[in-house]
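Peer 1: Per TrEMBL, the features are:
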type: DOMAIN; residues: 2-307; note: domain 'Glycoside hydrolase 35 catalytic'
type: ACT_SITE; residues: Glu143; note: active site, proton donor
type: ACT_SITE; residues: Glu217; note: active site, nucleophile
type: DOMAIN; residues: 365-466; note: domain 'Beta-galactosidase 1-like first all-beta'
type: DOMAIN; residues: 491-550; note: domain 'Beta-galactosidase galactose-binding'
Amino acid sequence: MPFRIFGGSMHYFRVPREYWEDRMLKMKACGLNTLTTYVPWNLHEQERGKFDFSQNLDLEAFLSLAAKNGLWVILRPGPYICSEWDLGGLPSWLLQDPEMQLRTTYKGFTEAVDAYFDQLMPVVVPLQYKKGGPIIAVQVENEYGSYAKDPNYMSYVKMALLNRGIVELLMTSDNKNGLSFGLVEGALATVNFQKLEPGLLKYLDTVQRGQPKMVMEYWTGWFDNWGGPHDVFDADEMVNTVASILKLGASINLYMFHGGTNFGFMNGALEADEYKSDVTSYDYDAVLTEAGDYTSKFFKLRQLFSMIIGQPLPLPPMIESKASYGAILLHQYISLWDVLPSLLQPIKSEFPINMENLHLNDSSGQSYGYVLYETVIFGGGHLHSRDHVRDRAQVFVNTMYVGELDYNSVELSLPEGQGFRQLRLLVENRGRVNYGLALNEQRKGLIGDVFLNKTPLRNFKIYSLEMKPGFMKSLRHAAGWSAVPDYFVGPAFFRGRLWIEHQPQDTFLKLQGWEKGVVFVNGQNLGRYWKIGPQETLYLPGPWLWKGSNEIVIFEERTAGRIIQSVDIPYLGRTQYVD
């Protein structure tokens, strides 16, 4: 039977579990019949050999819910997913191996993939169409044609899927330039783009004759980088292109239908001419907003799809109302320097150690967050990073801030002083590159020596600041919290309370007057903020709030405000139309 895929991408790991069904019902109301999702290996196996498919990572529950709501599923299990996600979804502990060759048949990589697939496939195999489930197709890796470092790799991934019981249609997906390099025999090639160039789908036909045509990623919007504009894509242009694709007889998947949020430290980064990290919001200017609200794209697509389908669509569900809880006072603070001795045990090392190779987390290293490197210096002079800082270091002498080192600033003058002093480098992992050929070089922290007056620094105390739930919990009970003074320069933790009388609702936190840091609400990491924009509000989902008292903790790297605002409208920055 001929079947046309009207698909939409939505990632369970970017949307609070309580909202999965709401977003699926909105897919149905738009006229879609298929949901596509990636599977993020780095969340499911955060520490080597320890797997998590619970709560917001309950893939089985997500796929079963799709089936219950009448949606087919195209599963894109990776192992690499790109997705503007840290290291394209690959776990950072892979980089402990200095010889690691990601996305190749290098033994250290394939052994890790095999161990992961051994856990993942038993979850998804019973949910295939032939076994009565919703999965109608499975993607073999992701956009490999743009990487293509190993001619045997795609066959390896294909066999890894087949040998573990995948029986549905296999697919590959690539942009036009990568199309012919990403093919693997026995898998349907599909194409990714935003603008429909003349002859593009015909070109797909020349790559594989007589096969159904599918656009796996029709990009409905685009993602944002810190320091850039908020990218938007014109709704009418988008709908006209979708109509043209359908007129040519192709199936389509909207990437994204609903983007969601890069909660925590999970955003990826780009490395084209320079390193640029992605913002926390993954709104993507998609069909639904970051908080799941309708856009003009939704209603225009609904109109188009209903004409083609020729039967009435379900009514769109009601929108959840958003709350503005007003100003929240951050009344207490504790300096990072006061937290160190009581909460953190330093690792002592003669040489700097990069984040992934720190002996932590059952030998899986540190994946995300910050690392503080501390050493003793005599006198001042010329500090040079030799470009060994990944990605940004604040430099302190004792507790005095003296400047920053990053990709563009590689040297600093340290003031002279009497006797021995502590030199401290607080290094932030701003997100690993998720696309392109630089994946193997994504180690974070200090990845080599830093020099003072041409002499490499030695004898470090290294503090891991991953800011995991256990750390945030112990921070709550730390001695040394005090009233916030009139003027304070970080790094420090600040805390306040948000009191909610009624049933909590979604809201957005505006951090005007704050410089750069991370926000935690009831222990949940909402993600990063940075005054350089474009994003100015952080999405705070209602299900993560409680009736009554809610604890807000902010880690601010530099200059703190006194209050944050809870508002009912997001502000993602000054818009720029994507060319």
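Glycine is no exception: its Cβ is also placed from the backbone N, Cα and C atoms.
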Peer 1: Under 8 Å Cβ-Cβ from Glu143 (active site, proton donor), six or more apart in the same chain: what's there?
Peer 2: Cys82, Ser173, Asp174, Asn175, Gly178, Gly182, Asn192, Tyr435
Peer 1: Averaged over the domain 'Beta-galactosidase galactose-binding' (491-550), what pLDDT does the prediction give?
Peer 2: 97
Peer 1: For the domain 'Beta-galactosidase galactose-binding' (491-550), jot down how many residues DSSP puts in helix, in strand and in coil.
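Peer 2: Going by DSSP assignments, the domain 'Beta-galactosidase galactose-binding' (491-550) contains 3 helix, 33 strand, 24 coil.
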Peer 1: Output, ordered by sequence, the same-chain residues six or more apart from Glu217 (active site, nucleophile) with a CB under 8 Å from its CB, or 'none'.
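Peer 2: Expected: Ser9, Ser173, Asn192, Phe193, Asn253, Tyr255.
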